[in-house]
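**Q** To start, I am sharing the structure in question, which I have written as structure tokens.
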């Protein structure tokens, strides 16, 4: 076998057999793999596949929303409308019933509306191309929207906690138990309706919980779920939490309706549900801060990515490895690969990129290939980051 490299990055290996040598009168008869497919060599699909996505996960960006995202947008529109109508009803009902527990439930619905609006906004912005000013596009608008939703919920919840504390100090307040019971019953029905609207039949199954409420990722290696799926699933998780809180408010209203002397259940339930509401925003706030601080994606660890790059044939060392999340569903990686002098830079680049895309689902990878130098082992700038 005599391999030869042709221009254009393709390999044209030809076979030479003893039988061909004798039949040709001492000369060589070259048999091309491209003209005689009866003796093919093993193909390397990974290297060939990289021609279609040389530096991106997707070969060609979509010009509009996919059918899945269109369906997700419809679900979010419907759920947002239902949520807004019943939130307004809870505000009115809570005011008429003088119930802080109802108002707390309405505040939680306000956070849900903000989360769904952020998801809808991100779905719309995902179709806008990057510009020379916004070179990464508008992806982080979703993160900013989630941050605004969390801040607004904290402000409203803080006000309600202050009012509940005043009610515990001074018991000169009256609860309209009938209006409170009616409003709480309607809130339960509203959350059941939103859960039905957002329920995804045949959604991909996943094990474990990501802790991200507005755009969770699948745990482990592999491609993140699409934005449409994650947005609807996050809203569905929100609604399930609201449903449990609405059942709690309903239980408190039933107690006050039949036992008016236990009206203290209203400020007490306000305290409990406010803590639950603030606690439910903790994963979202953590993910938002991680994205804004250019932190590594929670579903991707540093060591496996480094080891994957070092396992590529020809790679001696890697440095300047950076992993960050542009959003919770858009992961980016960049690294320098120090290779042997005998290694083919194009082959190393293609293989390393292919492994990063297939194993970790990065949306964009930037790899710089350079010759290995012994001085790299002592270079302070080439050392790995600390564990913290």
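The backbone N, Cα and C atoms fix where each Cβ goes, and this holds for glycine too.
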**Q** From the topological domains that Swiss-Prot annotates, would residue 74 and residue 173 count as being on the same side of the membrane?
**A** no
**Q** I'm validating the feature mapping. Which of 54-74, 201-221, 264-284, 285-305 is tagged transmembrane segment in Swiss-Prot?
**A** 264-284
**Q** For the annotation transmembrane segment in Swiss-Prot, which listed range does it cover: 106-126, 316-336, 337-357?
**A** 106-126
**Q** Once near-sequence residues are set aside, which residues in the chain of residue 242 (Zn(2+) binding site), 6 or more away, have Cβ atoms under 8 Å from its Cβ?
**A** 105, 108, 109, 112, 191, 194
**Q** Around residue 238 (Zn(2+) binding site), how many other C-beta atoms are within 10 angstroms of its C-beta?
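**A** There are 27 such Cβ atoms around residue 238 (Zn(2+) binding site).
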**Q** Based on DSSP, tally up the residues of the topological domain 'Cytoplasmic' (127-145) by helix, strand and coil.
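**A** When I sort the residues of the topological domain 'Cytoplasmic' (127-145) into the three classes, I find 5 helix, 0 strand, 14 coil.
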**Q** In the topological domain 'Cytoplasmic' (285-388), how many residues does DSSP call helix, how many strand, and how many coil?
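**A** So the counts come to 40 helix, 31 strand, 33 coil.
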**Q** Around the Zn(2+) site formed by 108, 112, 238, 242, which additional residues qualify by having Cβ within 8 Å of the site's Cβ center?
**A** 83, 109, 111, 115, 191, 239, 241, 245, 280
